[in-house]
Amino acid sequence: MISITKDKRMLGYESLSSYSNISHFVTTRQGGCSEGNYASFNCTPYSGDEAEKVRRNQTLLMEGMSQIPEELVIPVQTHETNYLLIGDAYLSASSQQRQEMLHGVDALITREPGYCLCISTADCVPVLVYDKKHGAIAAIHAGWRGTVAYIVRDTLLRMEKEFGTSGEDVVACIGPSISLASFEVGEEVYEAFQKNGFDMPRISIRKEETGKHHIDLWEANRMQILAFGVPSGQVELARICTYIHHDEFFSARRLGIKSGRILSGIMIHK
């Protein structure tokens, strides 16, 4: 990944950085004002952090973007597969109605300029998508529950339906999240992936010393992207494990649920 800001509070992807008509970012733990398990650059308001500190961090975030957004669209995620189209219905809604629309949403899609689609993670997989032909974008939260339920595949299919998106026009980025080496799971999680048709030898291992399964969420989501027809060269992986690099990125497995979140965002310029 590349640094967007000098203090490295915001990183970016090389593939997306080559397009001048969009902005994107992935936040780190550096350069903010939050404290404790939220230290220091937590921009997510639904994590238990002090509201004023989140607002100050969001101001710093927007100052680091190449264009100030009309809105940071940040859903209240629930590990489901619900998506929201940021279109006429959302744009005509009141602030309160928008908050209600964003509750229980784990994927956002739009072609509207100026609205920064954001996803909050702390070990789960953030996926950013850009359809360079139709000028459409998506931000997807793929925890293990979303991954096993094919949220990335389904979001791409919704983009196909809404915008005409096809695989050859997509650039997709898989962000900092828990790695195969760190993601130990129980039998019930392994069986859920197996039941839903995943290639288990490709996305999992069993550690001899513990007898425990480990799942590769990066590969499980990359396979969904490739299955949509996206060329492998247009899929970028950060390959950064949040559990290992918890000093740089938030990790719920390390810090607990009451902790900060990585914010990944993408926006079409006005």
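The backbone N, Cα and C atoms fix where each Cβ goes, and this holds for glycine too.
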Which of H79, H103, H213 belongs with C124, H141 in the Zn(2+) site listed by Swiss-Prot: H79
Env. residues of Zn(2+) site, Cβ within 8 Å of mean position of H79, C124, H141 Cβ: Q77, D106, I119, T121, V125, A142, G143, R145, G146
Binding-site residues compared (H79, H141) - highest count of Cβ atoms within 10 Å: H141
In the chain carrying C124 (Zn(2+) binding site), residues 6 or more apart in sequence that have Cβ under 8 angstroms from it: H141, A142, G143, W144, G146, S177, I178, L217
